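Feature list (source: TrEMBL):
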DOMAIN    525-716  domain 'STAS'
TRANSMEM  100-127  transmembrane segment
TRANSMEM  133-150  transmembrane segment
TRANSMEM  178-205  transmembrane segment
TRANSMEM  243-274  transmembrane segment
TRANSMEM  286-307  transmembrane segment
TRANSMEM  335-355  transmembrane segment
TRANSMEM  412-432  transmembrane segment
TRANSMEM  469-501  transmembrane segment
Amino acid sequence: MEHAQEHEACPEQTQRYCVERPIYNQELLQGQLHRRQRTPQTLKQKIAHSCRCTSKKAKSHLYSFLPILKWLPRYPVKEYLLGDIISGVSTGVMQLPQGLAYALLAAVPPVFGLYSSFYPVFLYTFFGTSKHISIGTFAVVSMMVGGVAVREVPDEMISLDYNSTNVTDARDTKRVQVAVTLAFLSGIIQLCLGFLRFGFVAIYLTEPLVRGFTTAAAVHVFTSQLKYFLGIKTSRYSGPLSVVYSIAAVLSNITMTNIAALIVGSTCIVLLLIGKEINDRFKKKLPVPIPMEIIVVIIGTGVSAGMNLNKSYKVDVVGNIPQGLRAPTVPEIQLIPAIFVDALAIAIVGFSMAVSMAKIFALKHGYTIDGNQELIALGICNSVGSFFQTFSVTCSMSRSLVQESTGGRTQIAGALSSIMVLLVLVAVGYLFEPLPQTVLAAIVMVNLKGMFKQFGDVTHFWRTSKIELAIWVVAFVASLFLGLDYGLLTAVTFAMITVIYRTQSPQYRILGQIPDTDIYCDVEEYEEVKEYPGIKIFQANTSLYFANSESYASALKKKTGVDPCAILAARRKAQKRHAREIKAANEHRKKAVLKLTNDVEASVKHEIANDDLPVNGKFADSGVQAVSPDEHEHFVETKTNIRSLILDFTPVNFVDSVGAKTLKSIIKEYKEVGVCVCIACCSGPVMNELTRLNFFDKAVTRELLFHSIHDAVLACQVKDGSAFTD
């Protein structure tokens with residue numbers, strides 16, 4: 001009653017519709033429809049059409065390749081400029097210390113982090129479609145770059161192959177070459193994927209995979225910064241178990257900790273955490289976030305210079321920062337074969353992080369982004385930037401949040417932040433030379449706070465999806481112990497396996513009707529849902545193809561309770577048993593006749609003496625029963641009370657040749673036991689696939705396919721002669 005009253009109170013929920021139409025199967029429906037005439041284009045015509053150039057088409061391609069031409073002329077200066085300036089300055093003061101810090105992760109001198117914070121950011125202004133993301137150095141990508149650089153240029157190789165008196169300079173030079181070539185190659189890969197419209201590759205990096213991967217990367221980054229934070233001299237490791245080797249190296253040299261570096265780093269961490277807490281707690285009241293990172297850099301630089309920490313306490317500092325910009329140089333092309341796989345991983349991870357963040361902001365602010373153009377934009381940022389000594393970049397989550405929250409409205413904010421980095425490079429870069437490396441390590445460690453919070457995903461996915469939890473755990477464990485490159489490959493492979501697992505292990509349901517409607521739901525889920533006598537409606541929430549065809553047929557038999565093979569086997573067994581019974585009866589009759597022949601005279605005398613004459617030519621009690629001719633044809637009939645079976649194809653997106661053969665086999669097997677199989681809700685593309693696979697023949701016609709489940713039910717009832725009242 002309560003439900004009825006609620007429905008009466010809501011007129012929108014009590015609206016009804018009544019439709020009277022024939023029962024449609026595909027044969028009848030297609031006969032009443034007229035297909036549109038389409039003239040297929042030849043390959044030559046398609047090529048000619050794609051190569052045809054008109055002014056409108058050229059303008060569209062130009063605006064797509066250079067989005068700035070579209071939005072800049074419409075830029076509302078009075079409304080947007082102030083917010084973009086504030087946002088650009090706020091992001092720029094974050095970009096300076098992060099550029100210096102992430103250069104350590106990339107195993108290159110800090111100045112190259114500043115280059116990577118200028119050129120790519122400025123280029124993205126012209127080619128990017130997102131108005132809010134901040135392109136530049138990012139911890140995960142920088143860590144991947146550093147791993148490749150250390151693997152290709154270990155300390156031992158430099159000391160053996162170089163006669164230079166300054167082994168560190170020779171090592172840094174070679175590692176810069178590796179990092180720059182890696183940026184060039186990853187950019188070329190992104191450009192190729194973008195021009196080939198392969199922006200969809202990011203969908204294979206599902207959210208649990210990315211979060212598990214970045215959490216493992218955060219652990220890698222944290223352990224790599226321990227030696228800078230503690231002021232310990234250890235080698236940097238890459239590859240499988242590198243995080244274990246790094247921790248072991250730090251622990252074995254823990255007694256060599258530089259106390260001054262530890263105090264400075266710890267103080268910076270405390271200040272940064274306090275600043276972040278204030279920004280988070282009072283973000284609605286603060287006009288702009290407190291730029292705690294640049295404040296810590298300035299204080300750390302001042303203290304280091306004033307107390308001469310490098311010479312007095314042996315605290316490692318940033319060192320030489322060349323003034324001005326470097327002349328463009330060509331990357332080392334001969335390194336490409338050795339780093340191709342790493343470049344591919346960096347290209348995909350970088351794009352995935354950038355486009356996922358861009359989609360979040362686009363959805364929030366009501367505009368769209370072009371995934372393929374984002375690939376092209378990142379490709380240009382990396383490939384062109386590599387000629388100016390930058391390493392691979394992507395979107396920074398922390399800077400993007402600051403850029404958006406401080407009022408940034410367009411790509412102008414990113415351009416202004418890059419100009420701030422440029423001013424440091426050409427004018428005041430030398431002031432940061434006394435900056436202790438432990439300060440940069442503290443900045444990196446504190447910025448990992450958000451990634452470490454992703455450990456909370458374990459409890460979330462435990463409650464929501466065990467499969468996504470498995471993806472997260474595999475991505476984390478594999479990336480942690482196998483390295484970021486092999487870990488990513490393992491995680492993607494496992495994610496693909498889960499897709500196969502889901503299609504091979506779908507949910508199977510028997511549907512029934514909600515009374516007085518044409519709506520069909522799971523009979524096990526709702527009490528009101530009822531099944532029609534003699535009709536079973538089967539649904540599997542998956543497509544039908546080679547990997548799950550066998551399980552589909554097995555589940556169909558189990559859920560409907562009708563196994564044609566078992567019924568036919570039972571029939572054959574019954575026939576054989578009855579044949580044996582007939583044979584035994586006939587043999588018994590022959591023996592009885594023979595016995596009667598031998599004793600006929602005695603039997604006749606006995607019957608006459610007792611006045612018991614034959615009746616109709618037969619003895620009333622001869623002890624022999626004649627076998628009726630009908631009994632030779634009669635056997636125990638094994639039947640099922642199911643007369644019709646309807647397969648709901650609503651969730652089916654495609655059928656391959658194996659699936660079509662399985663479906664045809666199901667129809668024929670059930671037909672042999674007197675069960676008619678129909679298919680309902682088969683989509684147009686699936687119909688076309690079945691036609692191409694020669695599914696239809698004289699035995700399996702389109703008359704077995706129905707437009708809806710209700711059409712199929714009504715047709716089955718008519719065929720079975722059941723009374724139906726709607």
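In case you wondered, yes, glycine gets a Cβ from its N, Cα and C as well.
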- Item | Whether the transmembrane segment (178-205) meets the transmembrane segment (412-432): three or more C-beta pairs under 8 angstroms | no
- Item | For the transmembrane segment (469-501), sequence-distant contacts whose Cβ falls under 8 Å of one of its Cβ atoms, 6 or more beyond its ends | 140, 143-144, 147-148, 204-206, 208-213, 215-217, 219-220, 238-244, 341-342, 345, 349, 457-458, 461-462, 547
- Message: Under 8 angstroms, Cβ to Cβ: which one of 100-127, 133-150, 286-307 has the largest number of such pairs with the transmembrane segment (335-355)?
- Response: 133-150
- Contact call for the transmembrane segment (100-127) against the transmembrane segment (243-274), three or more Cβ pairs under 8 Å: no
- Task: Determine which recorded stretch among 243-274, 286-307, 412-432 has the most C-beta pairs below 8 angstroms with the transmembrane segment (133-150).
- Result: 412-432
